[in-house]
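According to Swiss-Prot, the domain 'DAGKc' annotation covers 1-131, on the basis of sequence analysis. Residues annotated as ATP binding site in Swiss-Prot: ASN9, PRO10, THR11, SER12, GLY13, THR40, GLY66, ASP67, GLY68, THR69, VAL70, ASN71, GLU72, THR93. Look at Swiss-Prot and you will find ASP212, TYR214 tagged as Mg(2+) binding site, backed by similarity to another entry. Taken from Swiss-Prot, the feature active site, proton acceptor applies to ASP269, supported by similarity to another entry.
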Amino acid sequence: MKKAMVIINPTSGGEKALDYKEKLENKAKEYFEYVETKITEKALDATHFAEEASREQYDAVVVFGGDGTVNEVISGIDERDYIPKLGIIPGGTGNLITKLLEINQDIDGAIDELDFDLTNKIDIGKANDNYFGYIFSIGSLPEAIHNVEIEDKTKFGILTYAVNTMKSVMTDQVFNIKVETENGNYVGEASHVLVLLTNYFADKKIFEENKDGYANILILKDASIFSKLSVIPDLLKGDVVANDNIEYIKARNIKISSDSELESDVDGDKSDNLPVEIKVLAQRVEVFSKPKED
């Protein structure tokens, strides 16, 4: 008997997630003979539900929530020998993972388009004990770029990136950082560190195809507004690695430390202070989505 567990964060979708409960259950019942729904009430509920689904060998877990809820679910299924397939309905603010997978950002559309015959294996990152499906970062520039609205990008193009960058530079500072990997190290000043599990950033392809179990590490060495603005044209051209202000390393095992107390971020949510050890778990989770064309 095919079984699926639906996990819903009730605060998702502008706190209207439960309005979609019946529709999501009916969608799952088109494919699975048994569907059980769990509603989160507090932090880590999604992890515990996902652990149960893995332990009971459910065929799939379908989660309705933002990146934080999705990463809780990934944490729950990854800690087990059996990993159910994963469905994601975007219900958060950033929804970085579903955007990466090109899942419809409209809730009704995402449910309608959920195809349980179509899957895509993705890499997962683990930073200490925190999981992420897209990006680990230190510094405010990633948030500035993520927060550019699609409508603004369409209307104003590069100007929108520039305005958000100038806003972020006001609070930035350079810190001493040490990045250690199996493919090289970086020791020196930096204003931002990004660890990407994909070849895309801010909707732009900046690396070659990246389904190889490696993370792309970008270190912005200068906090000045001129350095940040110089990155934008290269980002839009998909050639950010060539920028003189960027240090680039590709690796699977990463340790980041600093002599300052620096906070990190995973998929838009606050994470541990440094030091952090990151491992890339290659092709770890099978997600219901169409394969992304490179």
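Each residue, glycine too, has its Cβ placed from N, Cα and C.
Computed from a predicted structure; not experimentally measured.
Shown here: features listed in Swiss-Prot, placed on the structure.
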residue	record	Cβ neighbours (10 Å)
ASN9	ATP binding site	25
THR11	ATP binding site	16
GLY13	ATP binding site	20
GLY66	ATP binding site	25
GLY68	ATP binding site	19
VAL70	ATP binding site	31
GLU72	ATP binding site	24
ASP212	Mg(2+) binding site	12
TYR214	Mg(2+) binding site	18
ASP269	active site, proton acceptor	16
Which ones are near ASN9 (ATP binding site): of the recorded positions ASP212, TYR214, ASP269, which have a Cα within 10 Å?
none
What counts of helix, strand and coil residues does DSSP assign across the domain 'DAGKc' (1-131)?
51 helix, 35 strand, 45 coil
I'd like to know the mean pLDDT over the domain 'DAGKc' (1-131).
95
GLU72 (ATP binding site) versus recorded positions ASP212, TYR214, ASP269 - nearest by Cα:
ASP269
Going by C-alpha distance, which of the recorded positions ASP212, TYR214, ASP269 is nearest to VAL70 (ATP binding site)?
ASP269
Nearest recorded site to GLY13 (ATP binding site) by CA-CA distance, among recorded positions ASP212, TYR214, ASP269:
ASP269
Binding-site residues near ASP269 (active site, proton acceptor), in sequence order, restricted to THR11, GLY68, ASP212 and a 10 Å Cα cut-off:
GLY68
Just to verify a number: CA distance, GLY68 (ATP binding site) to TYR214 (Mg(2+) binding site), in angstrom, no decimals.
22
I need the CA-to-CA distance for GLY66 (ATP binding site) versus TYR214 (Mg(2+) binding site), whole Å please.
25
If one measures from the C-alpha of THR11 (ATP binding site) to the C-alpha of ASP212 (Mg(2+) binding site), what distance in angstrom results, rounded to a whole number?
35
